[in-house]
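Accompanying notes for the structure given below.
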Amino acid sequence: MTAQVDAVILAGGMARRMGGNDKGLVELENRPMIEHAIERIQPQVKEILINANRNQNRYSEFGFKVISDQDTGYLGPLAGMITAMSNTDAEYLLVIPCDCPLLPTDLVARMLAKLTAEDAELAVASDGKREQPVVMLLKPSLRASMKAFLDAGERKIDFWYAKHHYVVAEFSDQPNAFVNVNTPEQKQQLGEAIANEKNY
């Protein structure tokens, strides 16, 4: 039986380096950034959740359940993950950021294969050079551990998952898969990369 996988798209941050603009709604190639992520991930999962702490009505227009952090202090990606784990009954939860428009179309299959082959609790993606902490496949049963970590004042995702049996799913064959947008300059570069991808 195929494992049931839901996804959460993290769009709950402050986006300070983008001038405070809501990153998921910033347009890239004439479409909101999050729309690119949805297009890539929707065929790979059962349900999609969108974690947003502002502009919730706008995000709801994409047709998926919008969830906001249970703690409203903008505590980072971990807070969004904890909220998502409370809103899924799937066997696994895929976590992705809203600003990765070139995600692999085989992301779930490869991460799940790696995780199950090694009987791990979670899988973290890598571009072949470094791990991508906000691209993760994990068991929602890890929620209590993550909440305790956050409640202790910790924020760094990689510190948390290092405490668990995790595996790294490598995507060195797709080196641009996890390129994301933190500044207007990166947005322009990524727009050019997407345009080039369409031309091949």
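Count begins at 1; order follows the chain as displayed.
Glycine is no exception: its Cβ is also placed from the backbone N, Cα and C atoms.
Noted in Swiss-Prot for the protein shown:
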type: BINDING; residues: LEU10, ALA11, GLY12, LYS23, ASN51, ASP69, ASP99; note: GTP binding site
type: BINDING; residues: ASP99; note: Mg(2+) binding site
Assigned element (helix, strand, coil) containing GLY12 (GTP binding site), judged by DSSP: coil
Same-chain residues at least 6 apart in sequence whose Cβ lies under 8 Å from LEU10 (GTP binding site): ASN51, PRO77, GLY80, MET81, VAL95, ILE96, PRO97, CYS98, VAL134
ASN51 (GTP binding site) CB neighbourhood, other CB atoms within 10 A: 27
Neighbourhood of ASP99 (GTP binding site), C-beta criterion under 8 angstroms, separation at least six: LYS23, GLY24, MET33, ALA37, ASN180, VAL181, ASN182
Chain-internal residues near ASP69 (GTP binding site), provided their CB is under 8 angstroms and they sit 6+ positions away: GLY12, ASN51, ASN53, LEU75, ALA79, GLY80, ILE82, THR83
Other C-beta atoms that fall within 10 angstroms of the C-beta of GLY12 (GTP binding site): 26
Set of same-chain residues at least 6 away whose C-beta sits under 8 angstroms from ALA11 (GTP binding site): ASP22, LYS23, GLY24, ILE34, ILE50, ASN51, ALA52, TYR59, CYS98
CB contacts for LYS23 (GTP binding site) [other CB atoms within 10 A, all chains]: 24
ASP99 (GTP binding site): secondary structure state under DSSP, collapsed to three categories: coil
